[in-house]
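Asker: I have a structure here, written as structure tokens, and I will follow up with some questions on it.
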Amino acid sequence: MMITKQSYQRFALMRVFVFSLSAFIFNTTEFVPVALLSDIAKSFEMESATVGLMITAYAWVVSLGSLPLMLLSAKIERKRLLLFLFALFIFSHILSALAWNFWVLLLSRMGIAFAHSIFWSITASLVIRVAPRNKKQQALGLLALGSSLAMILGLPLGRIIGQILDWRSTFGVIGGVATLIMLLMWKLLPHLPSRNAGTLASVPILMKRPLLVGIYLLVIMVISGHFTTYSYIEPFIIQISQFSPDITTLMLFVFGLAGVVGSFLFGRLYAKNSRKFIAFAMVLVICPQLLLFVFKNLEWVIFLQIFLWGIGITSLTIALQMRVLQLAPDATDVASAIFSGSYNVGIGSGALFGSIVIHQLGLEYIGFVGGALGLLALFWLRFITIKFKKT
């Protein structure tokens, strides 16, 4: 009997691991164009700023597509749906690698964004379903770990492949890795009927839950603040702090590494006091941004700020996602789709705000504006916490 239980635990952990790998590959491809922007622009004889529109477009497609695409797929058995999403993901990466002009590349990125929209709408609830008993929270942490590793390993490796070969090879390799993950899913995942996915009728029901709506608004606010600064952290470190490109790369690596620590802390501390955990994680996101310019020339302080910031944003993202699932157990996929859409509204808005700040005020002010948006989000958290204390 003990062997059977151990075998079950091991098999369940393998399934969680497959989802973690999936998170890794999806997050890698979302942000890898940042590392390849100059090479892509050069190959199409375009400006980097114009090519960068595909990053903005990706975020907005995910924002607009998450809920309607999830609703359209609400009744589809989840394993079959995941395999279809990976097939679309792989085909789109083949198209990216073969793209004969920028518009074909942009079209291929839209295909990836569609897959992303549904994937992140259903994955959090699925990883909890396949996780070992009494390991649900840790499973969500492992899912976030996959996302963090994309920043630590995915982006640097993508850039290295692009430098050694070319940017097309990077997309080709991502498609190849996705094919292996798809085979693992086909082999390891059980039949997963759609459960508590929700329907269009679930949306007005969820919107009548004030704390849940408050959390969605909180996500938009705090993620907008984060990406106001983070979208332009590389040029800030090089141009304002005047650190070398190698130091800049190392700092971005530290940011991703901090995400692993954030995932670990979530698994250990969130259940003890979820409200305080969320508030403290927000402080870790806000303070480094506000102090970024103040300590711009102190290398070790910037390293520390980057590390704390990375812990904060990863911890906060998982905690808010868990809170959404707790507040909408009857429509987890719809709730997750709205969460994913809200998060990507934050990404797109933050990048836009940062661009406006740079053009109107200067690159050195991005941390102040991003931190100020974070403070507004913190005040909003305080308000909804007091207003809906019993929820």
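Backbone N, Cα and C atoms are what each Cβ position is placed from, and that goes for glycine too.
Taken from Swiss-Prot, the feature transmembrane segment covers 16-36, 51-71, 82-102, 110-130, 138-158, 170-190, 210-230, 247-267, 277-297, 300-320, 338-358, 361-381.
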Asker: So which residues does the transmembrane segment (110-130) touch in its own chain, when a touch means Cβ under 8 Å and the partner is 6 or more beyond its ends?
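Answerer: Same-chain residues near the transmembrane segment (110-130) but 6 or more away: 12, 15-16, 19, 22-23, 26, 29-30, 57-58, 61-62, 65-67, 69-70, 73, 78, 81-82, 85-86, 88-89, 91-93, 95-96, 136, 139-140, 142-143, 189-190, 192, 195-197, 321, 325, 332-333, 336-337, 340.
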Asker: For the transmembrane segment (361-381), I need the partner stretch with the highest count of C-beta pairs below 8 angstroms, choosing only from 51-71, 170-190, 210-230, 247-267, 300-320.
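Answerer: When the Cβ pairs under 8 Å are tallied, 210-230 comes out ahead.
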Asker: Mind pulling out the one from 51-71, 170-190, 247-267, 277-297, 300-320 with the most Cβ pairs under 8 angstroms to the transmembrane segment (338-358)?
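Answerer: Counting Cβ pairs under 8 Å, the winner is 51-71.
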Asker: For the transmembrane segment (138-158), which stretch among 82-102, 170-190, 210-230, 247-267, 277-297 has the most Cβ pairs under 8 A?
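Answerer: Looking at each of 82-102, 170-190, 210-230, 247-267, 277-297 in turn, the most contacts to the transmembrane segment (138-158) are made by 247-267.
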Asker: Look at every Cβ pair spanning the transmembrane segment (300-320) and the transmembrane segment (210-230), keep those 6 or more apart in sequence, and say whether at least 3 of them are under 8 Å.
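Answerer: Yes; at least 3 Cβ pairs under 8 Å.
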Asker: Is the transmembrane segment (16-36) in contact with the transmembrane segment (210-230), using at least 3 Cβ pairs under 8 Å (sequence separation of 6 or more) as the test?
Answerer: no
Asker: Looking only at residues six or more beyond either end of the transmembrane segment (170-190), which have a C-beta under 8 A from one in the stretch?
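Answerer: Those are 11, 14-15, 18, 21-22, 25, 28-29, 32, 36, 79, 82-83, 86-87, 89-90, 93-94, 96-97, 130, 158-159, 161-162, in sequence order.
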Asker: Below 8 angstroms Cβ to Cβ, which residues of this chain, lying six or more residues outside the transmembrane segment (51-71), approach it?
Answerer: 30, 33-34, 37, 40-41, 44, 102, 105-106, 109-110, 112-114, 116-118, 120-122, 197-200, 203, 333-334, 336-338, 340-342, 344-345, 347-348, 351-352
Asker: Quick test of the contact rule: Cβ under 8 Å, at least six residues beyond the ends. What residues does that give for the transmembrane segment (247-267)?
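Answerer: Same-chain contacts beyond the ends: 137-138, 140-142, 144-145, 147-153, 155-156, 233-234, 237-238, 277, 281, 299, 302-303, 306-315, 318-319.
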